[in-house]
Amino acid sequence: MMEEKQFAGILNGAVPGEPVKKDENSRRGNWGNQIEFVLTSVGYAVGLGNVWRFPYLCYRNGGGAFMLPYFIMLVFCGIPLFFLELSFGQFASLGCLGVWKISPMFKGVGYGMMVVSTYIGIYYNVVICIAFYYFFMSMTNLLPWTYCNNPWNTADCTGVVGSGRHLNASLANATTTLVAGVSEVVNRTKRTSPSEEYWKHYVLNISDDIGNFGEVRLPILGCLAVSWCVVFLCLIRGVKSSGKVVYFTATFPYVVLTILFIRGITLDGAINGIKYYLTPQWQKVLDAKVWGDAASQIFYSLGCAWGGLITMASYNKFHNNCFRDSIIISITNCATSVYAGFVIFSILGFMAHHLNVPVSEVADHGPGLAFVAYPEALTLLPISPLWSLLFFFMLILLGLGTQFCLLETLVTAIVDEIGTDWIIRNKTIITLVVAIAGFLLGVPLTTRAGIYWLLLMDNYAASFSLVIISCIMCICIMYIYGHRNYFKDVEMMLGFPPPLFFKVCWRFISPLIISFILIFTVIQYKPITYNDYVYPGWSLAIGFAMALSSVICIPIYALYKISRSPGATFRERLKNACRSHPKWGPALQEHRTGRYAPMASEDTVEARPLKEKEELKEELKEEEKEKERKDEISLTIQGSNGSTNTHNNPNPSA
């Protein structure tokens, strides 16, 4: 029985030997056990980008050769940043706003994270709702994008399957790419696929301009409502309910990936697709763009600077080993990306073999892969609706895992910031309000121009702004708060200091790589396009405004905090604004030991690196001298009364 209790304690993130508690933080709540946190974080990090972006980047940047810079960036940037954010949130047990008690002037970074999470949460759920739509449309004997005999098809439509119709070599050579919205002229023959026309003319009924919204697509709107309802119901009790849901949503995608992988590698041409995916082109390793793509993919895939990692870790128990968790989750995320590449390219290789065209002509990324190229490849398989159901169900689960954390990030930040007993008891109401707001803000993305706005948000709302936020977070923790202080905090929490490698990465290597990503992003910038459509200047201005809206929170709040801080000069106000809040540290009194103890003495100096240490020491010495004088007076009074009782005794002569 004792062994069972110890095992349960380990699962709950407690240090062996500590008494097991149901909830360490009864006011705020904790994960049911540590597996729930790991699965939630895996679901958060492993998203749609692992399936529709990484495989494309891999084959475009040298196949197997891309793995070298990819894993180097994982080791020197991905895992250290992941560990930094997990330890940051877990130490303070606060969300992305509350943690900035570490240096209140930088609280704007937390607001920036909230803005980014809001943007991503709005358009991400629209992508999930489209996956829901395709999932429902797959519940049929014949997939609706199989043939060209539908009302929405054009004369240019040419299917890859048909009754008694086979594509000969001349037509196959004239076949163009099957990706969304791309049509090239090859040998003067134009071809669009049934899946492409289904996507453009039926699902989206896309308009000709981003400003031409047209009507709301009611089927998509209905699926958006379903998607938000699912997210809300899964988060109705916060991490207590979402922690149970992730047992399914975080694991079942791997079951589907494995089923699709086994089916894919048994098809003709699958090996050619996988070779195309993995064949190394070592000369590309010397290309700076390859390293930039690797660093960017690692950074964005792990969800750094979104606020979600800090939020999820804040529900851990104080002594949980988040160092171990960060390594497990980061490696799982990257391994999933590589594995998904096999699944995608085995099927695309089969389709290229069927059409007798190079794999490059059927390969794509983003919505073009998920809703055009891959669905069309599935029409070539026996029992195609079954494979389509599995594929889109997998996309739904991958999207929901990320969406759970995005919504929880916003709700937790609001609840922690207000912090009243009422709002903590009624957290479900806040979750409902945020979900309704997210649904209403997503409605414009379900119009005929919705895909233009979705891609605009995807390209601008969470691009270079995330890099700036992450860089400032590193600078604040390592150089404003002080690396020695933070290393001591981590040691107090975990029982061991951060390894030397992580200390070096946090202080030097990771900020340099983040700066490289920012420079690379700026140099490689190209105005967004969608197929042949070029975005007008006013829409690009809106895109940049979205990107800046999260970053601008940082200087605005810093100036506000400096203006409200005490001090006669600007320098004094700046020092006071940067100084840690007195409530910074572990949330529970039982964990506030050492310099965080209520009667901490000189250690308090170390906890506030920008405070004038000599003045603090003098103040502490004066307090000690004052206490000694009071003790002397007390002894004098006691001696004059001829009694051994203290002067505080109301009746010393008794």
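Even glycines carry a Cβ here, placed using N, Cα and C.
Heads up, TrEMBL stuff is auto-annotated, nobody curated it.
Here is what TrEMBL says about this protein:
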TRANSMEM  37-55  transmembrane segment
BINDING   Gly43, Ala45, Val46, Asn50, Ser301, Asn333, Leu398  Na(+) binding site
TRANSMEM  67-88  transmembrane segment
TRANSMEM  109-136  transmembrane segment
DISULFID  Cys148-Cys157  disulfide bond
TRANSMEM  218-236  transmembrane segment
TRANSMEM  245-265  transmembrane segment
TRANSMEM  298-315  transmembrane segment
TRANSMEM  327-352  transmembrane segment
TRANSMEM  386-407  transmembrane segment
TRANSMEM  428-454  transmembrane segment
TRANSMEM  460-483  transmembrane segment
TRANSMEM  504-525  transmembrane segment
TRANSMEM  537-560  transmembrane segment
REGION    595-654  region 'Disordered'
COMPBIAS  605-633  compositional bias 'Basic and acidic residues'
COMPBIAS  635-654  compositional bias 'Polar residues'
Fewest-neighbour residue among recorded positions, criterion Cβ within 10 Å, set Val46, Cys148: Cys148
Stretch in 218-236, 245-265, 298-315, 428-454, 504-525 most in contact with the transmembrane segment (37-55), if contact is a CB pair under 8 A: 298-315
Cβ contacts the transmembrane segment (460-483)/the transmembrane segment (428-454), at least three under 8 Å, sequence gap 6 or more: no
Maximum Cβ pairs under 8 Å to the transmembrane segment (298-315) - stretch from the list 67-88, 109-136, 327-352, 537-560: 67-88
CB within-chain contacts under 8 A for Ala45 (Na(+) binding site), separation at least 6: Ser301, Leu302, Gly303, Ile329, Ser330, Thr332, Asn333
Proximity of the transmembrane segment (428-454) to the transmembrane segment (67-88), 3+ C-beta pairs under 8 angstroms: no
Cβ neighbours of Asn50 (Na(+) binding site) where a neighbour is any other Cβ within 10 Å: 24
Positions on the same chain near the transmembrane segment (245-265), where near means CB under 8 A and six or more residues out: 36, 39-40, 42-43, 46, 234, 271, 274, 336, 339-340, 342-343, 346-347, 350, 381, 387, 390-391, 393-394, 397-398, 400-401, 404
Chain-internal residues, separated by at least six, CB under 8 A from Leu398 (Na(+) binding site): Gly43, Val46, Gly47, Leu48, Asn50, Val51, Pro253
Extra residues within 8 Å (Cβ to Cβ centroid of Gly43, Ala45, Val46, Asn50, Ser301, Asn333, Leu398), Na(+): Val42, Tyr44, Gly47, Gly49, Thr336, Ser337, Gly401, Thr402
